[in-house]
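A.B. asks: Supplied in structure tokens, the structure appears directly below.
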């Protein structure tokens, strides 16, 4: 029998949650009484938006992150919907753009002034009309600019392209009809090439978002899924829901095989919906339940047993809504292995490129103050890759924002500091027609026919960028595993020395 050490090394063993002080909270926010199981709030580095109770239509508040305290009961609202607002989401590439959907069957895109909402906003930048029943969920594409998905009680998932001259858009790019009931959640993988959904029929589906093709579907009786989430580049899905005996449960799935979960765990017998949040950079999973007073932390690994419990944050007040956010914070100390590069706030492609069949991972950036964005470079522009980098100061580790009764509490995260990376272009030898490419982690300088058109060169460049990104991710995972094994070996030697 092989002895295995019980102690498992983890960089995040001592992570803890800290509630904000009263002066850093929002008091008197008229949070909606809607029973719709959504986050009810959304946050970016500048603003927090909260769906509010409103007579005669739907509305939401937009509050500055830096102006906390008592909220004026007559604070201006964004109030252009004719029915209750059910979901709101900030544009990941524009801190002054927010989308909302409503019981009035529309999706609206709003421009928020730089200094916040100083008077009621009733006219939207865009209005999307296509659903026949109320719209319950919206989700921005993670890497393509001006692409947003919506789903409603007509069981349709619609794909919208926003960079068009019309103010009212009536025809979506595509309507996906693979669901037999209401969609409860949507989640994209890292490059947006796959869309996972959970449905009221308790099934999880993986869909090609561009074509609408159904790729995978669960048929598992032991887990009734409520929310689903892609776990970064791990090629796994995490779902929350209920077991056969109505215990709240989390389950892990292989995205290529949804026949049975790879891992499942019963949590408790409460009835509130569990909302999962995942940080792909640190591989940390947060589970927060609606109506609960605690948030559980887990670490996800690519090897069995996959899910490792860390600790939990406890509060005496129940949570009503949750949302991820980023903050800007001065860095006092950092560790490069704990704070790797993260997805930035720049799109990696246009809407037309994505519709045309292109998939690209996110543009990566360092969170060190004054660091630069690792950006894709448009070929043929004659620019050096470093010329397109932009200084970033306003992004950091994701955290959670909690709506608790009539107060918004914010948990603070830590900023990260790493060295910036530089975009790489294929290097061509001027004396010959050979080009150096990255293949399977090695440089390949074989003589092959060079690309004949600018489009072929661009496609080749994008493929190399994706290969470089994948290799970096593999190296990071191997470094983490090496350190874990070194610590386990040290523990074994120490235990043997004590015998």
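Keep in mind that glycine also has a Cβ here, set from the backbone N, Cα and C atoms.
It should be emphasised that the depicted structure is a prediction, and the values quoted were computed from it without experimental measurement.
Here's the feature list from TrEMBL:
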type: REPEAT; residues: 78-120; note: repeat 'WD'
type: REPEAT; residues: 128-170; note: repeat 'WD'
type: REPEAT; residues: 176-217; note: repeat 'WD'
type: REGION; residues: 378-399; note: region 'Disordered'
type: COMPBIAS; residues: 384-393; note: compositional bias 'Basic and acidic residues'
type: REGION; residues: 412-453; note: region 'Disordered'
type: COMPBIAS; residues: 433-448; note: compositional bias 'Polar residues'
type: COILED; residues: 454-495; note: coiled coil
A.B. asks: What same-chain residues lie close to the repeat 'WD' (176-217): Cβ under 8 Å, and 6 or more beyond its ends?
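C.D. replies: Here the qualifying positions are 37, 136-137, 139, 141-144, 149, 151, 153, 155-159, 224-230, 232-233, 237, 239, 241, 253, 255-258, 280, 343, 354-355, 357, 359-362, 466.
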A.B. asks: On the 0 to 100 scale, where does the mean pLDDT of the repeat 'WD' (78-120) fall?
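C.D. replies: The answer is 95, the mean pLDDT of the model over that range.
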A.B. asks: So if I exclude everything within five residues of the ends of the repeat 'WD' (128-170), which remaining residues of that chain have a CB under 8 angstroms from its CBs? That is, six or more out.
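C.D. replies: Residues 36, 38, 83, 86-89, 91-93, 99-109, 176-188, 190-192, 195, 197, 207, 209-210, 212, 343, 347-351, 353-355, 359-363.
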A.B. asks: List, by number or range, the same-chain residues at least 6 past the repeat 'WD' (78-120) whose CB is under 8 A from its CB atoms?
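C.D. replies: Answer is 32, 34, 36, 38-39, 41-47, 49, 51, 54, 57-64, 67, 126-129, 131-140, 142, 145, 148, 150, 152, 160, 162, 345-347, 394.
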A.B. asks: Please spell out the DSSP helix, strand and coil residue counts for the repeat 'WD' (78-120).
C.D. replies: 0 helix, 22 strand, 21 coil
A.B. asks: For the repeat 'WD' (128-170), jot down how many residues DSSP puts in helix, in strand and in coil.
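C.D. replies: Taking the repeat 'WD' (128-170) as a whole: 0 helix, 22 strand, 21 coil.
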A.B. asks: For the repeat 'WD' (176-217), how many residues does DSSP put in helix, in strand and in coil?
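C.D. replies: DSSP classes over the repeat 'WD' (176-217) add up to 0 helix, 20 strand, 22 coil.
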